[in-house]
Amino acid sequence: MIEPSMERENGALTAATTTTTAVTSPPPMASSPRQALVERLKDYGQEDIFSLWDELSPDEKDFLVRDIENLDLPRIDRIIRCSLHSQGLPVAAIEPVPENWVSTVDGRTMEDREKWWKMGLKTIYEGKLGVVLLSGGQGTRLGSSDPKGCFNIGLPSGKSLFQIQAERILCVQRLAAQVVSEGPIRPVTIHWYIMTSPFTDEATRKYFSSHKYFGLEPDQISFFQQGTLPCVTKDGKFIMETPFSLAKAPDGNGGVYAALKCSRLLEDMASRGIKYVDCYGVDNVLVRVADPTFLGYFIDKGAASAAKVVRKAYPQEQVGVFVRRGKGGPLTVVEYSELDQSMASAINQRTGRLQYCWSNVCLHMFTLDFLNQVATGLEKDSVYHLAEKKIPSMNGYTMGLKLEQFIFDSFPYAPSTALFEVLREEEFAPVKNVNGSNFDTPESARLLVLRLHTRWVIAAGGFLTHSVPLYATGVEVSPLCSYAGENLEAICRGRTFHAPCEISL
């Protein structure tokens, strides 16, 4: 559920008068709404919220009352109870994903790729694809308080993650119009649904507006907020961030399902004729937004959901992997900590790969029908993941629990799920940690982009000069020039580029 805004209001109370006595009635006592809320909170064991009531100013009392009134207490209590109860319960054993559930890079023919590419472009041309961006996070671990999508990883162009992704959408729209149109080329529009959080919403909207939506039409972008939930102690009590406000946190990237439903954007998608939804996380600089090949594969398989996967780099890599839960059970994702050493290292003797090798990289495709089903099913389920974190509280940081759903929590609901292998060096360059960390830094992502684009330019007949070792530099190809290395010959053949630089139109 998406909570309403909780900005302070300083409206004066209006005094009531009677004509018979001309005596002004006293203003309602601040304790009246408080007393009613205390009685409600007692039903859920949360009445301690008001323990410091007498020490609060009138404005603080008003803020606290409205903070509590804005909560769906029955829903939140159900989530807390169900989630705490689920801890420690036995779970079904896991099995490797069957080989025939995965479209591997080596197993695809050129004919497959061509067929899926054209199917995807035709579907995009017909307006049947929508794109959902998960971008509720701030760049805190990158040393920035801005929305993570505003981050510039240091490419020659200086473009942010948001701009790169917007320009990929522009490129796909152009490709669909050029390849599919019979007769005069008509414009193609992919609607972009951008999920923010209460912490990033205003800044994200302003960023897009100030950059003129990076060439997209303003009305083809819809912003919506994911929900928040109170942080709780290990026994389920609300944690107070200040004496007059609850500590809250976003409800995880799996909150996208409820957020789309509560914002009525699933209805909006249906009204636009959208049947398929591409969903991805903001912090992957190599993401192929609205990938026609992935879309065509998804349609060809007739699945309800699909995910791109990459092979684990090594047994101890700290990534979630796809598994089957229970004998012949549904597909789901388990964290690396759930795999013991022997399972993580086990080899499939037939393929020579790790048995549990398919890493989740938050690149998904869904049918709209399935999203509607999941939005209802996950809400009824009410079991959230409990993440133990340091929570800001009125007594300093304290250990507590954040309640989160994950995007992959939907997969057990799917009647069919397809996995689509992609190459890490082509489609997965995460930006999660500050430069100087061991992995997933802006610098490591920048180098992955430059190396990939350098290969594109050389394949298209271009040449490079460089004053530093080539492994530390390269060229950047603007998404407005090429989506995945295509159509570069006219720009690159016979030309020499001095790295680092951006190749643009």
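Each residue, glycine too, has its Cβ placed from N, Cα and C.
Swiss-Prot lists 1-10 with the feature compositional bias 'Basic and acidic residues'.
Look at Swiss-Prot and you will find 1-32 tagged as region 'Disordered'.
The annotation compositional bias 'Low complexity' is assigned in Swiss-Prot to 14-24.
For the motif 'Substrate binding' (134-137), the predicted model reports an average pLDDT of 94. Annotated motif 'Substrate binding' per Swiss-Prot: 134-137, in sequence order, evidence recorded as similarity to another entry.
Summarising the annotation, Swiss-Prot assigns substrate binding site to Asn253, Lys432 and lists similarity to another entry as the type of evidence. Sequence-distant contacts of Asn253 (substrate binding site), defined by Cβ-Cβ distance under 8 angstroms and a gap of at least six in the same chain, are Leu134, Gly136, Gln226, Gly281, Cys362, Gln405, Phe406, Ile407. In the three-state DSSP assignment, the secondary structure recorded for Asn253 (substrate binding site) is helix.
Long-range contacts of the motif 'Substrate binding' (134-137) within the same chain: residues 147-149, 162, 194-197, 199-200, 204, 225-226, 250, 253, 256, 279-283, 362, 407, each at least 6 residues beyond the stretch ends and with a Cβ under 8 Å from a Cβ of the stretch. Within 10 Å of the Cβ of Lys432 (substrate binding site) there are 19 other Cβ atoms, across all protein chains. Per DSSP, the motif 'Substrate binding' (134-137) is made up of 0 helix, 1 strand, 3 coil.
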